[in-house]
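Shown next, in structure tokens, is the structure this report addresses.
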Amino acid sequence: MGSLPEQFVFRSRLPDIAIPDHLPLHDYVFERLADRRDRACLIDGATGETLSFGDVDALSRRVAAGLSSIGVCHGSTVMLLLPNSVEFAVAFLASSRLGAVTTTANPLHTPPEIAKQVAASGATVVVTEPAFVAKVSGLAGVTVVATGGGAERCASFAGLAAADGSALPEVAIDVANDAVALPYSSGTTGLPKGVMLSHRGLVTSVAQLVDGENPNLHLREDDVVLCVLPMFHVYSLHSILLCGMRAGAAIVVMKRFDTVKMLQLVERHGVTIAPLVPPIVVEMAKSDALDRHDLSSIRMVISGAAPMGKELQDIVHAKLPNAVLGQGYGMTEAGPVLSMCMAFAKEPTPVKSGACGTVVRNAELKIVDPDTGLSLPRNQPGEICIRGKQIMKGYLNNPEATEKTIDKDGWLHTGDIGFVDDDDEIFIVDRLKELIKYKGFQVAPAELEAMLIAHAAVADAAVVPMKDDSCGEIPVAFVVARDGSGITDDEIKQYVAKQVVFYKRLHKIFFVDAIPKAPSGKILRKDLRAKLAAGIPAC
């Protein structure tokens, strides 16, 4: 990507702040430990067990010492294959203390999906629950650590936590260059890639939201934050766990989403901050249990990962009249938050329906013409680009993909089409990127297409999103069957379902004579999406 004149660059309405980006992530999170050592930090939603900030600090030191004893050191990679849990948070902070990198994975992924990420990330330790040990037990060169009651032929998380926390090795962390987190993302296109988020990057991104005299996301020490979104997703890891801990709030950790149990936890613990995604809001709004619980404690509902329509916003306002509702906008590669609703600021300002906030502090944003690369003025849609210390270092072992995403002037190209209005609010209107968003989860068409084409009965295939009221988008496939194969749509669905996690499964198959392609061979997805919009019948 070349260098072009930058005529139109947008910044936050809020002034830049001093960010202690010289600190490693764990030191930044615990920087104010002396003032909140005895305050509640993590609350286990299932048991009610509460760990104070002092408890979490000490436990993360002990687990770090335990990880060190099994070979984890500066530059090692640890995979967390866990549902939401206190152990997840502690293991992440423990790895940070050692200068190790944490890669997170959905425990519902299939063994082949997990094996690919272990190999690609170079993970040598996997921390998981006994229920998921079988998914990783056959991986060569990997030490498996089991939480809970432990498991045969595995190290025990409890054993790690019994180590001497004062015996930690001295580690020289390069905050600008050492990655601390390695989530996997499909970026704007293609197969999942490891996103290298540095200590400095995550410290900057958290500070952009919750630090300063007038934080954009005003979390208080007396707040109780609901953590129902999966921590293996960067939205939850960053905006709930790290932002919550930095602000000194208590975090109620819910292992998995269940509407009734979630409402019970909100009432029981007086939850004040509810970060959600639209599919959860839909389920909550539909639930008969909603009116049986006192949810008046909620003062803020933060929506992310997928757009929230006006109709859904109206439902939230009706059901939770005390809550301020707003949206943020993020992308894993952006560190992850690009913009946040100003209604969440300590000194809030009015926001428009459909907006996803204003650009975060200490960062620059521009809108560029996808064809010319020139920056555009207000109210003109183009590709959203972001620049700042918070963005990723790059994709692990993939300089080509990195160069396609971050240009030589440091601008990260999101693949999202949007505009900035006269009040600095950002609106997303379309996507250049090919990703399918199923309930906020990323589904890369290329991954499913490679699977389909590998089937002996499939000559060609293309995967595109279809709009869905409850899921946002669902993956559907256009398939060219080989002559005489006689393959059915159910056979194709089952073939894919055996290899992928639930949200990547194909929902519909459309048999066609040919896949529309450009002379370059690129699939013309717009043509296929147009067929869906026109109501093509399922085959």
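Any Cβ shown, glycine's included, is placed from N, Cα and C.
According to Swiss-Prot, the protein has these features:
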{"type": "BINDING", "residues": "Ser185, Ser186, Gly187, Thr188, Thr189, Lys193, Gln327, Gly328, Thr332, Asp416, Arg431, Lys522", "note": "ATP binding site"}
{"type": "BINDING", "residues": "Tyr235, Ser239, Ala305, Gln327, Gly328, Thr332, Met340, Lys433, Lys437", "note": "(E)-4-coumaroyl-AMP binding site"}
{"type": "BINDING", "residues": "Arg256, Lys439, Gly440", "note": "CoA binding site"}
{"type": "REGION", "residues": "258-327", "note": "region 'SBD1'"}
{"type": "REGION", "residues": "328-395", "note": "region 'SBD2'"}
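Distribution of Swiss-Prot features across the structure.
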{"residue": "Ser185", "record": "ATP binding site", "Cβ neighbours (10 Å)": "19"}
{"residue": "Tyr235", "record": "(E)-4-coumaroyl-AMP binding site", "Cβ neighbours (10 Å)": "22"}
{"residue": "Arg256", "record": "CoA binding site", "Cβ neighbours (10 Å)": "14"}
{"residue": "Gly328", "record": "(E)-4-coumaroyl-AMP binding site", "Cβ neighbours (10 Å)": "24"}
{"residue": "Thr332", "record": "ATP binding site", "Cβ neighbours (10 Å)": "21"}
{"residue": "Met340", "record": "(E)-4-coumaroyl-AMP binding site", "Cβ neighbours (10 Å)": "30"}
{"residue": "Arg431", "record": "ATP binding site", "Cβ neighbours (10 Å)": "17"}
{"residue": "Lys437", "record": "(E)-4-coumaroyl-AMP binding site", "Cβ neighbours (10 Å)": "20"}
{"residue": "Lys439", "record": "CoA binding site", "Cβ neighbours (10 Å)": "19"}
{"residue": "Gly440", "record": "CoA binding site", "Cβ neighbours (10 Å)": "21"}
For Arg431 (ATP binding site) and Tyr235 ((E)-4-coumaroyl-AMP binding site), what Cα-Cα distance in Å is obtained after rounding to a whole number? 19
Report, as a single number, how many Cβ atoms besides its own are within 10 Å of the Cβ of Gln327 (ATP binding site). 27
Of all the binding-site residues given, namely Ser185, Tyr235, Gln327, Gly328, which is spatially nearest to Gly440 (CoA binding site) at the Cα level? Tyr235
Pairwise CA distance, Gln327 (ATP binding site) versus Arg256 (CoA binding site), rounded so that it is a whole Å: 22
Cβ within 8 Å of the CoA site centroid (Arg256, Lys439, Gly440 excluded): which residues? Leu229, Pro230, Phe257, Val277, Pro279, Ile280, Phe441, Tyr503
Which whole-number value in Å describes the distance between the Cα atoms of Ser185 (ATP binding site) and Arg256 (CoA binding site)? 22
How big is the gap, in Å, between the Cα of Thr332 (ATP binding site) and that of Arg256 (CoA binding site), rounded to a whole number? 22
For the CoA binding residues given in the record (Arg256, Lys439, Gly440), what is the largest pairwise C-alpha separation in angstrom? 15
Structural state of Lys437 ((E)-4-coumaroyl-AMP binding site), classified by DSSP into three states: strand
For Thr332 (ATP binding site), just give me the three-state DSSP call. helix
